[in-house]
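Here's the structure, in C-alpha cells; my notes come after.
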Amino acid sequence: MSGRKKSLLKVIILGDSSVGKTSLMNQYVNKRFSNQYKATIGADFCTKEVVVNDRVVTMQIWDTAGQERFQSLGVAFYRGADCCVLVYDVTAPNSFKNLDSWRDEFLIQASPRDPDHFPFVVLGNKVDLDNRQVSTRRAQQWCQSKNDIPYYETSAKEGINVEMAFQVIAKNALELEAEAEVINDFPDQITLGSQNNRPGNPDNCQC
C-alpha cells in the first residue's frame with residue numbers, strides 16, 4: 001500500500017440536532033453506537049483511512065452541532081470541504097424540511113468553485129424506527145430536484161447502509177479533488193489579440 005497516492009478529504013456532516021450525525025460518524029469510524037444522546041458543541045471530527053479506486057484516502061469527517069446558535073460556524077470551518085453530507089431523521093418531518101436551509105448555508109459559507117455540481121450526499125437516518133414520517137419517494141424527489149444528489153436510507157443503530165453511504169461519500173469527494181487538481185495544473189490564462197503582443201509590433205521587440 002506504500003506505493004499508493006494518499007489524499008486527505010474533508011467531509012462535513014450537516015443537519016438538525018438529534019438526527020443522528022454523531023451516531024453515523026461513530027458507527028462508520030468506530031463501529032459503535034450509543035443510546036445515550038449527547039449534543040455536539042460547535043464541531044468535532046474523526047478520521048478514517050480507506051482505499052478508494054486503489055488510492056489511500058484519509059477521510060476527515062466533521063460532525064457539527066445542529067442547534068441554531070451554532071448554525072453559522074464561519075467560513076473557515078466550511079472552506080476546503082470536498083463533500084457535504086446532509087442528514088435528516090425519517091421520523092421527524094421538520095428535519096427533512098430544513099435540508100434546504102442546511103444546503104444553502106453550506107453553499108454560502110463554503111463558496112465552492114462549481115456550486116451546481118458540488119458533491120452532496122443525503123442520508124435519511126433512523127430507518128430502524130417504526131414511526132416513519134418522511135417517505136422514500138418524497139426524499140428521492142427532493143434529491144432529484146437538486147441535481148440528483150445521491151440518497152441513502154440509514155440506521156446508525158443497526159449499521160444499515162452506513163458503510164455503503166460513506167464509500168460513495170469518499171468516492172465523490174475524491175472525484176472533486178481530482179477535478180481541482182486538473183484545474184490547478186493549467187497555467188495562467190493568456191489573453192490573445194492584444195495590440196502590444198502581435199508579431200511585428202516594433203514596440204514589443206524581444207531582440
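Counting begins at 1 with the first residue displayed.
Glycine too: its Cβ is placed from the backbone N, Cα and C atoms.
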Of 37-45, 55-63, 118-126, 172-180, the range Swiss-Prot labels motif 'Effector region': 37-45
Binding-site residues listed as Thr64, Asn125, least Cβ neighbours within 10 Å: Thr64
Mean per-residue pLDDT computed across the motif 'Effector region' (37-45): 59
